[in-house]
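Remarks on the structure that follows.
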Amino acid sequence: MTNNNILNNLKDRHVAITDGVFAIAMTILVLEIAVPTISEISSGVALNEYFMTYLLPSILIYFISFYIVYNFWENTTLLFQFKKIKDSILTLNMLTMASVCLIPFATGFLFKFYNYTNVNIFFSLLVLIISLLYILMFMLLVRDNFKKYFEKKDEIKATVNETYNDGVELDNLKLYFRGVMLTLFYILMTPVLSSVISLILAFFSPLASILSFVLILILRFVIRMRRTSKDKLNDLELTDDEKELLENIRESIYGNDS
């Protein structure tokens, strides 16, 4: 078995493990919501207090945490569109999965102590660390999978003459490659921005700190409204494999009909 086949097999197994981790993490989230015993709820007043002070905030936190975990799963799906995935990326992915497994634990803390600054800081820092791991994987994957692009880019920068028609080819390279890659980068950056905002708000309003993660949903929707035309793909100075990879990533972001 060649090295490529071994890496592809490892990639497939990592995808399966990753999907399993996310499925379990999403399921465990709801189990963190505690159901009171009959002895704890002795009257209608106590039940109403439970609903207002614990259950409703917990349900809100649950949906926010669920979407955060889903967002990370989608990020993983986008990154695993890259064909050349080295062992270092797989190791980083396992570190990321270990961190994702802490989200239900951190969410359980929020259920009980959502109005405490330290708990919100812990949750926000966890999301930030996971988000930065995705950014690191993205940067390494782009470097490993688009060597032709970077070689051409450096060549154009170093040679300014009529051969490249005053940089028109460089513009073509930027137009599609940067359009798709920047869109993917912006998508990966949305939880980074949200968690930083959440960290700041935690010192002033714990509730606002939690709600700030809704920005992930809003920003991803806005980013996906951008479109990078397919028509420019054939103008790129890329190999056929690189073009296929770029189009696969683009379709993962926008869908097949865009």
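Cβ coordinates are placed from backbone N, Cα and C, and glycine is handled just like the others.
What TrEMBL says about this protein:
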TRANSMEM  21-39  transmembrane segment
TRANSMEM  51-73  transmembrane segment
TRANSMEM  94-115  transmembrane segment
TRANSMEM  121-142  transmembrane segment
TRANSMEM  175-193  transmembrane segment
TRANSMEM  199-223  transmembrane segment
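Remote same-chain partners of the transmembrane segment (121-142), defined as residues 6 or more beyond its termini with a Cβ less than 8 Å from a stretch Cβ, comprise 68, 72, 75-76, 79, 82, 84-86, 88-89, 92-93, 95-96, 99-100, 102-103, 106-107, 109-110, 181, 184-185, 188-189, 191-192, 194-196, 198-199, 202, 209, 213. Using the rule of three or more Cβ pairs under 8 Å, pairs at least 6 apart in sequence, the transmembrane segment (21-39) is in contact with the transmembrane segment (94-115).
For the transmembrane segment (51-73), same-chain residues at least 6 beyond its ends with a Cβ under 8 Å from one of its own Cβ atoms are 18-19, 22, 25-26, 29-30, 32-34, 96, 100, 103-104, 107, 110-111, 114, 127, 130, 134, 190-191, 210-211, 213-214, 216-217, 220.
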